[in-house]
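Participant: Here it is: the structure, laid out below.
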């Protein structure tokens, strides 16, 4: 649910703004509405510095372990945070340059290996003093012609594995002032290469020098990492300064800037605390319950199970103040959808056991995420047991369990379950739409047309299941009621003709939309089936490729199973999370009439360290 908000208009004298904001920040329960303002150069520079420091802090945390072990500089931090960040940024930039140079030099080293050892200075001397040019060529071995050696001074140097022949040609310089050798016509297949500027040994030494410089820059990064926590503290302090400046410049100024009117918000449950504080400070204010048109901030409050799924809903957007919070309504479906896509009881049990075993090592702030993973994998265990899939093994084919085969759900049944769950969520979304539209527009009349569609859907389901005959009076009555609601209450307080037109358009939308929505839910079955088949394939590969050598066969089998099931778990988890998210944000939210666009309730307070 969305917590009720209280809106405050605070009237402040300009000289009291800063001290008041400092005390309000200490209170830490009020959301101040910031406004766009022309920040001075100092604040913009602070924002840029915060971003630099945050980036440095994050990247320093991912330094390679081997780089830390090879540190050559003294193990003492820099004198200041600014010095540490500047040193890190310079080192990181230089490292990127060195890596590019080293990669290029390594590629050139492979080319030099074909030419062997030679002296580039001797080649230069022959050209400058003797007037002889040494030219380098390459051609496919099959296209090399020995008769060329009769016409030109050619020396074959090497042939590589790829079937290319490398050779050099010695030619006297010709032309004006002997600037260039005469052209050679060896055919289009021959490629002239640039004369190497270094020997193989020199290039190796260059690469080694690059590596040494990289180690030096890595050592600078490691030294900067000693100031990592100080960097974090500093950028949080700077961020607080920026937020405080935003708070000081919030609101509108009147009377030549001497009076400021600031908008603020608090939870209704904290109203007594906030008003006691304002009275104590002697602030003139007015307060009232928030209205949707004022765009109040959003604070969700749900019970334990639904609260775990709030981060999932936050991936899309928060609801508006006059909307329903969809979190408690999509949470059970999301758990079931994840379980159906993951679909292997063995995989689910692995995650559950991991959470139980490492629970004490999970930081408190991440335990809600651990609970979320726990419940999602309960869904996987549920569907894995229903279908009889455990680590790709079909329990129905295990000799000891064959007699229970009829209790496991077949693929055809799972297909129907996927469509059934989809139909249930679509229908549930339409029911929520009734209350959502009524709440948004302030009258139940706005939900009557959707109620008509719900009645029509339920009637169709009853007929499909054979519970109500299609020729019965009850069915015709339900159709009549649904038709009246759909065509005459589509747009309350508007012309009846407009209502009928809107009703016809909604018929087209529903006819195409519902079918498309139900098709989307079929993917739940498909994704789960794919994961099961891949697991079975890896099991078959492990048995087929392990051989029959004692001990060795078991080791090979274990390696194949670990790698195969590890990859399958990764891909399956990704699909099992992404597709339910899509079904929630597209199909369910659309049917529930969810619009969203609310902003998060963010109390003005000190940043948690």
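A Cβ is built for glycine as well, from the same backbone N, Cα and C atoms used for every other residue.
Per TrEMBL, the features are:
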COILED    50-108  coiled coil
TRANSMEM  329-359  transmembrane segment
TRANSMEM  371-393  transmembrane segment
TRANSMEM  413-432  transmembrane segment
TRANSMEM  444-467  transmembrane segment
TRANSMEM  473-489  transmembrane segment
TRANSMEM  524-545  transmembrane segment
TRANSMEM  551-578  transmembrane segment
Participant: If you count Cβ pairs under 8 Å, which stretch among 371-393, 444-467, 551-578 touches the transmembrane segment (329-359) the most?
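Facilitator: Against the transmembrane segment (329-359), the leading stretch is 371-393.
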Participant: Counting CB pairs under 8 Å, which listed stretch among 371-393, 413-432, 444-467, 524-545, 551-578 touches the transmembrane segment (473-489) the most?
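Facilitator: Result: 444-467.
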Participant: Relative to the transmembrane segment (524-545), which of 371-393, 413-432, 444-467 accounts for the most Cβ pairs at distances under 8 Å?
Facilitator: 371-393
Participant: Can you work out which residues elsewhere in the same chain, 6+ from the ends of the transmembrane segment (444-467), have a Cβ less than 8 Å from its Cβ atoms?
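Facilitator: For the transmembrane segment (444-467), the far contacts come to 423, 427, 430-431, 433-438, 475, 478-479, 481-486, 489-490, 492-493, 503, 506, 510, 593.
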Participant: On average, what pLDDT score does this prediction assign to the coiled coil (50-108)?
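Facilitator: Reported value for the coiled coil (50-108) is a mean pLDDT of 84.
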